[in-house]
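What TrEMBL says about this one:
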BINDING   Gly69, Thr72  Na(+) binding site
TRANSMEM  32-52  transmembrane segment
TRANSMEM  59-79  transmembrane segment
TRANSMEM  91-115  transmembrane segment
Amino acid sequence: MIEALLVGLGGAVGAVSRYLVGLGVGRFDVRFPYETLFVNVVGSFVLGWVTFAGAGEGALLVVGIGACGAFTTFSSFSVDTTRLVEDGEPVLAVVYALSNVLLATGAVVLARLLVPTV
């Protein structure tokens, strides 16, 4: 039961953080979904860091599953990509999809490189 509470605590922090990022990015009138790209890259870096740093089970529950799970979003990524195609921007949709995959994976690799070897 305590594990579920830890995940919920982290999830609350991640969800509120995601909402605040949306408010900040929403101020700009842009067609490219920077908000989702940002949260996916940052969340991937944080998850990579706590994973490769050898964080304990509690930290992985709070930060990894809870906070990163609520902060990052594959569903918004999918909707954003579909909307770009529907809006007549297929090239931008491909750029966006590739940016998410490559930058998020690059963020995990960067986290791995920055974590001191144990």
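Just so you know, glycine gets a Cβ as well, placed from its N, Cα and C.
Any TrEMBL annotation is an automated prediction that lacks curation.
The shown structure was predicted, so the numbers you read here are calculated from the model rather than taken from an experiment.
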Close approaches to the transmembrane segment (59-79) from elsewhere in its chain (Cβ under 8 angstroms; 6 or more beyond its ends):
3, 6-15, 17-18, 33, 36, 39-40, 42-44, 46-47, 50-51, 97, 100
Around the Cβ of Thr72 (Na(+) binding site), how many other Cβ atoms lie within 10 Å? Please give the count over every shown protein chain.
21
